[in-house]
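A short write-up of the structure that comes next.
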């Protein structure tokens, strides 16, 4: 059970003039991701872990209008590992009515616990969605090689960067009606594909993680580029793997 904080202590968790503070970063990054079309219609989100605190964007809100005071703060050490429908421990809950924690919470925890990630980004990128649609229904992963932007992607999302000649492979899992219900299939895919830096969700989007928010952001951008070029290559009937 997490320590009960006073109101002043809880508010201090999201109050800072430092632009690098997680509460300020999440608000800024959501605005930038909105411009890219990654978090429109209140979808998508980001979570940043700083030490023993996890900062979480709220669910079901206009992501381009998020403010630091809208951020949830949770202790990383939960009474139980977040799972669909489970009760969470909170250090701070926003006072604004209508805000709820992100439906992505247990999926973000997959990245934190299984990859020791410092940040996880979830987008509804059209490039990611289209890529999953262009793969056969029974396809379990996406592969691509010989692309310069692969060099911005890390092994397992947190290891060494890949080289131009490496083949990048990202698992594809089926979507569910409720976001939280993706938790187990995401975890299973992460176990099966330990070198994957992300998880594609068919007809939905992608989850990307990194050691830091900078690495997670960089990889999200590189992967989105690769998803877009892969879609164009598939439509042009060009092979994704190899230098032909």
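A Cβ is built for glycine as well, from the same backbone N, Cα and C atoms used for every other residue.
All annotation found in TrEMBL is predicted automatically rather than curated by experts.
Listed features, source TrEMBL:
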type: ACT_SITE; residues: 148; note: active site, proton donor/acceptor
type: BINDING; residues: 104; note: substrate binding site
type: BINDING; residues: 122, 124, 204; note: Zn(2+) binding site
type: DOMAIN; residues: 24-231; note: domain 'Class II aldolase/adducin N-terminal'
Rounded inter-Cα distance in Å - residue 104 (substrate binding site), residue 204 (Zn(2+) binding site): 13
Fewest other C-beta atoms within 10 angstroms, as judged across 122, 124, which are the binding-site residues: 124
Integer Cα-Cα distance in angstrom, the residue listed as 'active site, proton donor/acceptor' to residue 122 (Zn(2+) binding site): 23
Under 8 Å by Cβ from residue 204 (Zn(2+) binding site), counting only residues of that chain that are 6 or more apart: 124, 129, 132, 175
Across the domain 'Class II aldolase/adducin N-terminal' (24-231), average pLDDT on the 0 to 100 scale: 96
Neighbour count (Cβ, 10 Å) for residue 104 (substrate binding site): 26
Residue 148 (active site, proton donor/acceptor), number of other Cβ atoms within 10 Å: 11
Shell of the Zn(2+) site beyond 122, 124, 204, same chain only (C-beta within 8 angstroms of their C-beta centre): 43, 44, 123, 125, 128, 129, 201, 205, 206, 207
